[in-house]
Amino acid sequence: MATDPRQLLVTCALPYANGSIHLGHMLEHIQADIWVRYQRLRGNTVNFICADDAHGTPIMLKAQQMGITPEEMIAAVSEEHQKDFAGFDISFDNYHSTHSEENRELASHIYLELKKNGFISSRTISQLFDPEKEMFLPDRFVKGTCPKCKSEDQYGDNCDNCGETYSPTELINPKSAVSGATPVMKDSEHFFFDLPQFESMLKEWTRSGSLQNETANKMQEWFESGLQQWDISRDAPYFGFEIPGEKDKFFYVWLDAPVGYMASFKNLCDKRDDLNFDEYWKKDSTTELYHFIGKDIVYFHSLFWPAMLEGAGFRKPNNVFVHGYVTVNGAKMSKSKGTFIKASTYLNHLDPECLRYYYAAKLNSRIDDLDLNLEDFTQRVNADVVNKIVNLASRNAGFITKRFEGKLSAEFAEPELYNEFVAAAERIGQLYETREFSRAIREITALADKANQYIDEKAPWVLAKEEGKEKELQEVSSVGINLFRVLMAYLKPVMPELAARTEAFLNEELTWEAIATPLTDHEITKFKALFSRIDPKKVEAMIESSKEDAAAEAAAKEKAEAEKEQASQTELDKEPIADEIEFDAFSAVDMRIARIISCEEVPKANKLLKFQLDIGGETRQVFSGIKSAYKPEELEGKLTVMVANLKPRKMKFGMSEGMILAAGPGGSDLWILEPHEGAQPGMRVM
């Protein structure tokens, strides 16, 4: 009995808009995309959305470092992110930004509803404050010495060396990571969401059975330790949305970030006539809402987010699907080893469908970390996709196109074998539905083994050489093509590009329902290579490219930090005051006001300018090494200061009878001293 199509809204966690997409991000987006494509293949209506998380202190500060506005930076990052996701065939219906009018309106509406319903309170708190930048400092923007193990240069919330967690006020010798200044404590009024009021609802939601066991168990730990009020405000300066009715107070990024799911969908609804925002988000909605996220943000999605929605009168998610981290070759991704691989770097070297297949072959419904072993990656894709599945088509297609004008046999020779393949649809479909992708892939490759075993036993290449075996040859090859068709229908959510090429080859769209009946008396097209095996040299080239990218980033960061440090230095830091001298030593130096009569370049001298100076009744010739700072014509007629009693010095280009005084580090950064109006040539400088 046919059932009505399900209506689903599916989201991926919003990538932060201050960096590139890497293969860790891609695990989640590939996992979600496979699930979404399966749902669409089964006739369900899916709206698949995402957005950039575009607010917060890190974005504000990075834009400042780049010398551009936050808006300019997040626009460029959004373009890069969307290009990367498109490169991996992530089939979003809409990709938006949390820095949007839709998000401003929805975040403000939710806040005001929570406030009206008694879930918002305020109180004064003390925080570390950067006196130079005049800004409150998030924990990660304070650095100092760990209070436990005494390791230096540790963040304000935890120690990378010993793992200790602490508050930034416990750091020894804390410094602002923004300016290097010593922070001070300062009071500020902050606004809080009263999460403990939702404990009963959250416990009931946890016990509903829809959450993963690991997530439900973790939530139980949080309940046992006690829920706390959540600080939802930040002080100016801050890149984000101002809190309605408050001056210089902004929503903390984690308040408006999940609202970005709603905003992206609202943006999609405004583009289409067939979607209704309230139908998907009203409290009694019959549509389904699913979030795919990483295990590092479970706290926000399983506690704060459903509580915010409940408190503001919206529906809650049906489920939050959580995945683990990506490791490479058994270890944390490393920039120095070249295993911190950006999505764009991967796309420059390898087929995205290879990674889609490999991730699918290792993904399950649990919160397990996934290891991208690059040697296994190469071997598995080549063995499974090329040798088992695509090879099934290539070893049979030639006989059909060359001997039978591309026509499959009129009768299907192996109905029992075919029915066995079709019967697997229910099992494989259920595995896709429950996100047990690795088990689905094992089912598919086991069928591929069986199909190849059949072809090996029937040996069409032998039949092709025997007279009178034409009918059997056509039937055997047609069975091989049809079994390949079933396998590719099952693989379509994982490898959409390979599926599209297969559809062109078969002259037929791959659908879940159509495979119930084999293709007979059907014309296929001439076989072309459908998929290329992975060349290990390309994997090595990708690793080397990642190392080069990391080295370039490190060099740029080092340069920026050096420039930042130099900019924070005073002139006295750069060149400390010299040792004290007696007054008599100073008074021995005779400095006079001089008017520059003429100034000209010295032929064959890289640094020198030649001056004629009027010092009040006497003209002096002086050579000065300020050529890189001034053009001669800029100086003529100006008053300056010279040392008049310096012993004349014979130079290659003539006699220098004194010294012009200038300030600055050198090169083009030099400035001659100029007295105020009223000073006259010859006057002594005291």
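Just so you know, glycine gets a Cβ as well, placed from its N, Cα and C.
When the motif ''HIGH' region' (15-25) is classified with DSSP, helix, strand and coil residues number 3 helix, 2 strand, 6 coil. The annotation motif ''HIGH' region' is assigned in Swiss-Prot to 15-25.
Residues annotated as motif ''KMSKS' region' in Swiss-Prot: 332-336. Within the model, the motif ''KMSKS' region' (332-336) carries an average pLDDT of 91.
The annotation ATP binding site is assigned in Swiss-Prot to LYS335 on the grounds of sequence analysis. In the three-state DSSP scheme, LYS335 (ATP binding site) falls into the coil class.
The region 'Disordered' annotation in Swiss-Prot covers 550-571.
Counting only residues at least six positions away in the same chain, the Cβ atoms of SER546, LYS547, ALA550, GLU553, ALA554 sit under 8 Å from the Cβ of LYS335 (ATP binding site).
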